[in-house]
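Chemist: As annotated in Swiss-Prot:
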ACT_SITE  LYS207  active site
ACT_SITE  ARG281  active site
BINDING   LYS195, ASP200, ASP218, GLU279  Mn(2+) 2 binding site
BINDING   ASP200, ASP277, GLU279  Mn(2+) 1 binding site
Amino acid sequence: MTEAMKITLSTQPADARWGEKATYSINNDGITLHLNGADDLGLIQRAARKIDGLGIKHVQLSGEGWDADRCWAFWQGYKAPKGTRKVEWPDLDDVQRQELDNRLMIIDWVRDTINAPAEELGPSQLAQRAVDLISNVAGDRVTYRITKGEDLRDQGYMGLHTVGRGSERSPVLLALDYNPTGDKEAPVYACLVGKGITFDSGGYSIKQTAFMDSMKSDMGGAATVTGALAFAITRGLNKRVKLFLCCADNLISGNAFKLGDIITYRNGKKVEVMNTDAEGRLVLADGLIDASAQKPELIIDAATLTGAAKTALGNDYHALFSFDDALAGRLLASAAQENEPFWRLPLAEFHRSQLPSNFAELNNTGSAAYPAGASTAAGFLSHFVENYQQGWLHIDCSATYRKAPVEQWSAGATGLGVRTIANLLTA
C-alpha cells in the first residue's frame, strides 16, 4: 500500500509561482487546496478530480477546515467508476461523521447502481436492490410488494406491461411502504415514483448508437428516489412514505409494442403510441395512478424523461416542473440548502393539451407544432395525477449521468438530487 498523499486546506492564496489563480499547490508535505470563499465546495470538487487525474489513488484529508460538506465535495470529484481509491477521513464530530457515512453509503449506492451494466441490472434486480437498500436503513418499518410480467397486465398496469413485454426480462412494479408509525391506517405523507427503464433501445423508434450507448442509465430516476427515501430515513424521517418503481427494458422483438398501439389505463385515459422512445411517461403513468390513490400530501416523480431537458440545461441542473408554486419554491430552497442544482422550467395548463391524437385521448409525444418537449412530457404526466395542480413535483433528471468526464465529475452517475428530495421529505 502506498503512503497516503496529504490534502490540506488553506484560506491563503497559493505562492505566485503556481499562478495567479492557482487552486492547489504541491509541497513536501502534500497538496494544499487554496480556498477563496467564493465557491469553496466547487473548488474542492474540481481539485479532487485533478488529483485523481494525476494518478493519486490514496489520500489523507488532513489539518483544519474539513467538515462533512467539504469531505463530501472532495469525494464527489475523486470517485470514478473505474479503479479503486482510498480516502483517510479527518476527525469529525459524531454528527458530522454520521452524515458523511450516510452519504457515502447511500449516494454511492445510487451512483454505482446507475453505472451498472444493463446486463447485470434488469428490472427485477433493480427492484430487489431498492428493497435491500431501504430495508438496510429502515428494518422492519418497511413492507413491499413486487408485481411482474403477466400479473401486471392482469392487474391493469398496462403502460408498464406494454413497454416491458418486448424483453425476455419481465417488467416489474415495486410498491414499497415505509411506515414508521406502525399503524396500518396511518395517512401517507408522500409518494415517490421513479422511472426504472434498465435499458432503453428506443424500441421500434430506435435510437442511434450515439444516443443509445448511455441508456443503461435510463433508470436514474428510480435510483434517485430510492436513495432519497433511504437518506431521508437516516435523517429521521418519521412520516409514512410510499415508493413506486416502474421497471422495464424497452427493447425490440416480435412481442414489442408498436406505433399506433393504444394503451388504456386504469383511470380511463387512452393513449396512442406514436413514439416508442417516449416510453418513460407510459410506465410512470401507472405509478402516478397508484400514488394518487394514496391521497398523499406530496407526490414526487423522477425520471430521465426527455432529451429536451438536457438541451435546455445540459447535465448541470435537474429540471423541475410543477403547477404548485409554493411547493416548487420549497424544493428549490431544499436544493439550495443541499448545494444541488435544480432549475424550474415552464409547465402551464396549455401544455396538457399539446398531445393531440386522432384515435385516443392523448398522444404519447408532441408534434412539430408543439416543440416544448420537456414541458409537454410533464403535461402528459399530469393527466395521471388526480390533483395535479397541488402537491405534485416532476423532476426530469438531466443531471443524473454524464457520458464524458468534466472538470468536477468523472464520467457516469452523479447522485445529484438525492439530498434535495430527502431534505424536502424531512423539512
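Just so it is clear, glycine is given a Cβ too, placed from its N, Cα and C backbone atoms.
How about a rundown of where these features are and what they're close to?
Modeler: Its Cβ taken as reference, LYS207 (active site) is surrounded by 16 other Cβ atoms within 10 Å in the chains shown. LYS207 (active site) falls outside any helix or strand according to DSSP and counts as coil.
When Cβ atoms from all protein chains are considered, those within 10 Å of ARG281 (active site) total 28, not counting its own.
Every protein chain considered, the tally of other Cβ atoms within 10 Å of the Cβ of GLU279 (Mn(2+) 2 binding site) stands at 29.
In three-state terms derived from DSSP, GLU279 (Mn(2+) 2 binding site) belongs to neither a helical nor a strand segment and is classed as coil.
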Chemist: Tell me, how many other CB atoms lie within 10 A of the CB of LYS195 (Mn(2+) 2 binding site), whichever protein chain they belong to?
Modeler: 31
Chemist: Given the recorded positions LYS195, ASP218, ASP277, ARG281, find the one whose Cα is closest in space to the Cα of LYS207 (active site).
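Modeler: That would be ASP277, nearest by Cα distance.
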Chemist: Taking just the CA atoms, what is the gap between ASP277 (Mn(2+) 1 binding site) and LYS195 (Mn(2+) 2 binding site) in Å?
Modeler: 14
Chemist: Quick check: of the binding-site residues listed here (LYS195, ASP200, ASP218), which one has the Cα closest to that of ARG281 (active site)?
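Modeler: If we rank LYS195, ASP200, ASP218 by Cα distance to ARG281 (active site), first place goes to LYS195.
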Chemist: When neighbour density is defined as the number of other C-beta atoms within 10 angstroms of a residue's C-beta, which of the binding-site residues ASP200, ASP218, ASP277 has the lowest density?
Modeler: ASP277
Chemist: Using the CB centroid of ASP200, ASP277, GLU279 as the Mn(2+) 1 site centre, which other residues of the same chain sit with their CB within 8 A?
Modeler: VAL163, ILE197, SER201, GLY202, GLY203, SER205, LYS207, ASP218, ASN250, THR276, ALA278, GLY280
